[in-house]
Amino acid sequence: MLRIADKTFQSRLFTGTGKFASSSLMLEAIRESGSEMATLAMKRVDLLRRDDALLAPLQASGVALLPNTSGAKTAEEAVFAAQLAREALGTHWIKLEIHPDARWLLPDPIETLRAAEKLVAQGFVVLPYCGADPVLCKRLEEAGCAAVMPLGAPIGSNQGLQTRALLEIIIAQASVPVVVDAGIGAPSHAAEALEMGADAVLVNTAIAVARDPVAMARAFRQAVEAGRTGFEAGLGARVFQAQATSPLTGFLEAQA
């Protein structure tokens, strides 16, 4: 069971809603993934229409929505987007995203921390997307963020856990849940993150652009479950030298 702020989750797989060929395919993939929370970019939603093609089916599905501030380039823009989301969707949960460079979509650490401090003061449950920076993640935690969401690799790159060494430090020192976000391109990447001790992963592109998104969503669900089970079971220590699984007993000499 995963607890973040005032919510508990059975699934440790969170999903995104972008890049799917259709809303129906998106919903089917989310259902197959077992995910209980999906992110939603406020910039993609027409809040003036109750039958918005993206928002309406998501609300009807019962999955918890995590609006994000994608598109914001400054703390002020992110705070405004969060306030808009709270007013329109009736949620105080927000995924904080501030990436000023559209080419790389890397999070701005200074603006992210500034926005996080303001949003926490306004009563938001803040889940910040951030670089795999252990110092920044600790500062965000100290600012009152309910979780931290460090990247594994650039958004949509499918490169996997390129920041593994830093993620290990973040996980080791965190007192709030760590959700690995961005760059996860294969079920094996998700399993690796959970085996390391990450509390959850957020996956969008790898599912949405797969040849069969529904089957890929199922694969990610199974990978996350396997990774968490492996972590809880206790992985064996990695060693440099070979260690025999069947110690010598001298029986060969005894037969001579």
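Backbone N, Cα and C atoms are what each Cβ position is placed from, and that goes for glycine too.
As the structure is a computational prediction, the values presented were derived from the model and not from experiment.
The Cβ of Lys95 (active site, schiff-base intermediate with DXP) has 27 neighbouring Cβ atoms from other residues within 10 Å, across all protein chains displayed. In the three-state DSSP assignment, the secondary structure recorded for Lys95 (active site, schiff-base intermediate with DXP) is strand. According to Swiss-Prot, the active site, schiff-base intermediate with DXP annotation covers Lys95, on the basis of sequence analysis.
Long-range Cβ proximity for Asn204 (1-deoxy-D-xylulose 5-phosphate binding site), meaning a same-chain Cβ under 8 A and a gap of 6 or more residues, is found for Thr15, Gly16, Thr17, Gly18, Lys19, Thr39, Gly156. Among the features that Swiss-Prot reports, 1-deoxy-D-xylulose 5-phosphate binding site is placed at Gly156, Ala182, Gly183, Asn204, Thr205.
Listed in sequence order, the residues Gly16, Ala153, Pro154, Ile155, Ser157, Asn158, Asp181, Ile184, Gly185, Val203, Ala206 complete the 8 Å Cβ shell around the 1-deoxy-D-xylulose 5-phosphate site centroid, once Gly156, Ala182, Gly183, Asn204, Thr205 themselves are left out. Rounded to a whole number, the C-alpha distance linking Ala182 (1-deoxy-D-xylulose 5-phosphate binding site) with Lys95 (active site, schiff-base intermediate with DXP) is 13 angstrom.
In this structure the alpha carbons, written CA, of Thr205 (1-deoxy-D-xylulose 5-phosphate binding site) and Lys95 (active site, schiff-base intermediate with DXP) are 17 Å apart. Summarising the 1-deoxy-D-xylulose 5-phosphate site geometry, the residues cited as binding it (Gly156, Ala182, Gly183, Asn204, Thr205) extend over a maximum Cα to Cα distance of 9 Å. A Cα-Cα distance of 17 Å separates Gly183 (1-deoxy-D-xylulose 5-phosphate binding site) from Lys95 (active site, schiff-base intermediate with DXP).
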